[in-house]
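Scroll down for the structure; my scribbles are underneath it.
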Amino acid sequence: MRNHLHVWNPSVWIMIPTFNRVKRACSTTTSLAPNDTLFGFSVLQHDSRGEKSLLVGAPWDGPANNRKGDIYKCIVGKERNSKCSKMNLGEAAFQNISKNLRNSHLGMTLTPDSPDGFLACAPLWSQECGTSAFSNGICASVSDDLEPREAIAPTSQRCSTYMDIVIVLDGSNSIYPWYEVQNFLSNILSKFHISTEQMQVGILQYGEVAVHEWSLKNYQTTQEVVEAAKNISRQEGRETRTAYAIHKACTEAFSPERGAREGATKVMIVVTDGESHDGEELPDALKECEDRNITRYAIAVLGHYIRRQQDPETFISEIKYIASDPDDKYFFNVTDEAALNDIVDALGDRIFTLEGTLGYNESSFHMEMSQIGFSTHTLDDGILFGMVGAYDWDGGVLKEGIYGRVVPSREAFESEFPLELKNHAAYLGYTVSSVIVGDWKRLYVAGAPRFKHKGKVILFELSDDGDVNIAQALNGEQIGSYYGSEVCGMDVDQDGITDLLLVAAPMYLGSGNKEAGRVYIYSFTGVFVPNGTLISEEKAQDARFGYALAAAPDLNHDGFTDLVVGAPLEDEHKGAIYVYHGDGIYVNPHYKQRIPGSSLSPSLQYFGRSVSTRLDLDGDELIDLAVGAHGSAVLLSSRSIVQINVSLSFQPHSINVIQKTCQRGGRESACLNATACFTTVSRSPGPHSNNLWVSATLDDRKLSARALFDDSSHRQTQLAVRVHTGRTVCYKLPFHVYDTADYIRPISFSLRFKINNTESGPVLDEGWPTTVKKSVNCGEDDVCTTDLVLQAHMDITGSSERRLCFPHRQKPYVIRSPRRRLAVEVQLENRLENAYNTSLTLHYSRNLHFSSLSIRDVNFKFECTALDANSHSCNVSYPVFRSQSKVNFMLEFEFSSPVLMQLCLFYSDSVEREETLRDNSVQLQSFVQYEPDLFVSRCVCRHHLHDVASFSITFCLFFPGRAIPISLWILIGSVIGGLLLLSLIIFILWKVCWLSSFQKKCRPPPPAETLIPSSFLPSWDSSPANREERMKTRRTEPCICTREDKVSSSSQAHR
């Protein structure tokens, strides 16, 4: 997931971005380098005794076949263009450990280190052990003046080839031919890996005397020793003093003065072709070798014996005695000098597989690929390293502390990383950090983004003995999201206790299967609990949001720590960063500023791959932000935040809508002076002064302005204002108001600000008002206080005025034709100050229709509008109903039913005291009666069934016109009267029918013309067939209906 960058001789250039809505605008310093390097992979702000610089990691610095990497130092100055200088840190810091920095990638990690120094790491620094290379990783601790303090390679191990080898070579006359010996030396030496970290070789040639051809320290490469071997000439001599040569090699050749290294495996190779002439001294010489732990290989060259046909048994026994035990491992014999080349491979293999050279055991190689420095975190008492490649890429952590080195075992994390998953490459230690929780307890944090392919973060305690107590584990939710590749603890309220832990999953797939990325927020409540996420709010795209995280120490000076998030793949890999503000003990989930790389330079790519924010580099006492990109490094310089408080006052303080005070444009106008005062307060340190561009606008929300500025005769004017921190400056803006019908809505006076200098200086804080509105005022107290009094009377008798909503009985007023109209006299009076927008609202019952409104005083204007069928709204003397004014008018209504209900309500937009509001409404009512027509009809029906007669009589009441509500007393009286009348009729009928029954005969039917038509009979009587059938069983006499005279009556109506 981590890419690689490289830079050649980068230059520095400066750009100025502009932003629309920012709390902190920024200027930028951008360093460019060739795109085949990883310049910008890491960035770090640095202050070396007042010299401010930006350190930039370039892990691929060097030729294509040797990416050693390096650090560049870029001085931060006022110039737009400056140079970055290469530090050559690797050679300076690691010269005592290794001169081989091939493909070490120095600069992948830059971490601040106390006091005032920094840590630069090369996690791919490798140890070459024989033909293998193991990426242990290495870091350099550098002081504030950029001098290397020490090299830190806590997981490096000595190779099995860390040997000091001395070849004791017989150069007597019997060795022949010599060039075969030289070939043997060249071949065997070419097998050795000569370096200060692996093998060193010295050669001692002897015959009668012993001579050091070269010492262990003379040659540092294999090529050098091979060339030197070709130039060795034979010493010759008539004696072979092997014991003397062995003793000399043990005591001199393996001495520190000749380059012997402490801890190196000491190996002696004795090559001879005959018995020694000092064989009696061999026991003492070999004992000296044993005391010095020198392993001895002995090679017997039998050519001399074979050529002379002599028995070599004694010679072979001596050579075996010289060799270490067992003989089958340390003893060789060859037939002649040419056959020496036949044992080169076997001898090399046996030397390389020496038992006990480093005390190797089963766990010796657990740290070989640890890649120390891939992630680092500075502590008060040391440094926490992530070992992403340790334990077969399962990963781990290591603490290099002031009290020693702590290396937890793989089993220490077994509860969260089971051993059965050891081949799954969890990458524990991909990122490391720490948090302070509870009673100032420190928990270490380590991410493992490949654990079960979803990722995991663990929080744990680590003792000095290496014991691990895992306090909590957080797990990712999506496969391949790289959850835990970045972590960041935030002390938002800056009280020393960690409030939030942020965990990035930069490869989280969003909509459209894009690597959008996200950052998980965890709040501490005894344990860290999920509390939301941060995501890129741009369109669905590959962004890798969260690739870089950095807690920024209060960018906006509100007392809370802020957060910077990198998204290097946004905008088609141009990249962007997001700034989030802290709030209390949380972080606002909506970003306050997004800075895309394309806004700084169209050539920027992967902007946001690294972030550093901890120092003020440009000397303005404000924290600056360094951001890495592909081949570039960008410095965003912070700007101060100011609050500009604006106050507006007017002279005169109100607009007189009646009296005009001046003439503008040939028209009578009301003239005023607006005074705008600007007070500047800075939330950032240091004094500031800047020019403001101010735009003032009158009535900005109205289509047609009611007021204009004097200088421009337009609703808008502009001016330049110079503001200073801690001072107040005021400016006058005269304007005038023409006559207008709209006196009620206030004339708005808006001020808009913009700081002219967009490259430097402060920026405005958000949330401060820039618009001031003043309402129309009157009276000495700037408040229009009115007292409206309403009186109303009806012209019908029985009507009354009432001011409470409790009815009281009146003598009903009888409405007779042709009287069908109602007149209401109304008087409205304003007893105090002018009343604006005075309105009359009429509500009347459904039995009234509004007819007209007539006014006696022509100086008053009334405009009425129907609100619905039973209400009207009227403007009274709009726009102002003046003080001490009185108006009388007449309202006319038409009756449509015998019920009258009417409510009149008056109000205005001006202020009126509550105690005077009771006379602002009048409710009128009247009890009325109509004079209806009443008709009574009687139907008498007599039926004979088996000579028994019965009668039924129906009274029908007809009221011309629409139905009206009937009084309860009328209903009761009608019922009682009807019952008495019914009793009388029954009595009469009973008398008639009783007499008829007694006389056994019936009264003759009436004439045919008096019979009721058949259409009025019930339906069962109207069928001829049924009537004929019924006549067979009974005799029926038709009903006799008698119409009575018309009776006049009146009915009382109630409300």
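Cβ from N, Cα, C; glycine included.
Here the structure is a predicted model, which means the values were calculated and not measured.
The repeat 'FG-GAP' feature in TrEMBL is assigned to 25-83 (among others). Per-residue confidence over the repeat 'FG-GAP' (25-83) averages out at a pLDDT of 79.
Per TrEMBL, the feature domain 'VWFA' maps to 164-347.
Among the features that TrEMBL reports, repeat 'FG-GAP' is placed at 469-530 (among others).
Per TrEMBL, the feature repeat 'FG-GAP' maps to 531-589 (among others).
The repeat 'FG-GAP' feature in TrEMBL is assigned to 593-653 (among others).
Residues or ranges marked as transmembrane segment by TrEMBL: 966-990.
Residues or ranges marked as region 'Disordered' in TrEMBL: 1013-1036.
According to TrEMBL, the compositional bias 'Polar residues' annotation covers 1013-1025.
Residues annotated as compositional bias 'Basic and acidic residues' in TrEMBL: 1026-1036.
Under DSSP, the residues of the repeat 'FG-GAP' (593-653) split into helix, strand and coil as follows: 3 helix, 30 strand, 28 coil. The residues of the repeat 'FG-GAP' (531-589), classed with DSSP into helix (H, G, I), strand (E, B) and coil, number 4 helix, 26 strand, 29 coil. Residues in the repeat 'FG-GAP' (469-530) partition by DSSP class (helix H, G, I; strand E, B; coil) as 3 helix, 30 strand, 29 coil.
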